[in-house]
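Summarising the annotation, TrEMBL assigns active site, nucleophile to B:52. Taken from TrEMBL, the feature substrate binding site covers B:110. As annotated by TrEMBL, domain 'Pseudouridine synthase I TruA alpha/beta' applies to B:9-104, B:144-244.
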């Protein structure tokens, strides 16, 4: 028995997130269908994270067990012939049998992409948030640094969530501009439901002066969802990197 | 009576090109529908170029005449509320009544985008050609310089075309790499049907050694479609810029 860890990229536009749901097409289901064609058997898979409807992934890790001895490189190539255009594998390696893509994870990195052009851009409708007003990336980068640290982030969590422990450690974050795009990158030990999207919505409130300079830390400490900003839309969000403990 | 020139961007993935066809959705038809909502009247429009099914435009110019006095900026905003996500206007200005977006054009620039990563990338399935083999952009740039000049380009034209004059002048062209992407940019006084896509397909033959160093000029002069390369697929092609004589 071998445990394989496959890394994929996906354009989440057409999917209701990663995790299988009874009445909607998800990445997991489509991946399992392709995997079944490669291994001639329906395999159980474990993913590294839930992702929301419309959210993308530059790096998403999935593990499964098999007795077959297909070379790792061939698993990638075979999967790609069966996966649709909007999902593609780019790595496959063997991991130890106690490896779990979610629980063996050391940190995760998300990127949120904002298109800051004056007019709607058709090439980014599904790949960035369009924000037409002036956006001060340097100022936001300075204010955003209070996210770094270990906090009870329950004020930055969708009220639909029922997670018990809402303490998360953020290792780093950065806001920067590249031409008409502004990016928010954040790395942490884990993220609550909608947490990155609420961080972005809150930074937009900071940008608009609805949250004053220096006020963000109080808002985190208040654990009050109503004091944070709106949940930014899904299409700007990318799961960018998953870091594992040595396997 | 005023003649207005509107500039749009579009993701051509869902369209059968620009020009109206009886049995397929085109950019022109969708644009005219939005224009009709803004001006309360079906207006006749002139476009700067035909584009093929699946081809994109970073800059596409359309003119029409109107008696209404909507400010130019408002035309852009109103159009964008009626246009679908994959088409957006970003400029509108008044031009003289003898201006024609096609015939007043001094030069056009196209860009062809190639994704040169090892594996299929879901984010570029509809926005670039995926070419997985080694690609020497510097070498191609050197060889491609023979495209520059005034030639009878009938060997670089789809055999479906019935254009009489196939002499075109290419002002400049360039091949360059940016990380996993290789770009081909070409500027000329006009382009025959499929000409840029055949230029790209031919450069891929050069890359693969099917056409030897220095042989490209003979192939142009031969006017023989069979000696040029394949027609590269549409999704990598962008009409990038349209330059006009002073209006």
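In case you wondered, yes, glycine gets a Cβ from its N, Cα and C as well.
Predicted automatically and left uncurated, TrEMBL annotations should be read as such.
Note: the residue listed as 'active site, nucleophile' has non-local neighbours B:17, B:194, B:197, B:234, B:237, i.e. same-chain residues 6+ apart with C-beta under 8 A of its own C-beta. This prediction places the mean pLDDT of the domain 'Pseudouridine synthase I TruA alpha/beta' (B:9-104) at 94.
Of all the Cβ atoms in the protein chains shown, 26 others lie within 10 Å of the Cβ of the residue listed as 'substrate binding site'. Across the range of the domain 'Pseudouridine synthase I TruA alpha/beta' (B:144-244), the DSSP-based residue counts are 33 helix, 32 strand, 36 coil. When DSSP labels each residue, the domain 'Pseudouridine synthase I TruA alpha/beta' (B:9-104) comes out as 27 helix, 26 strand, 43 coil, counted as helix, strand and coil in that order.
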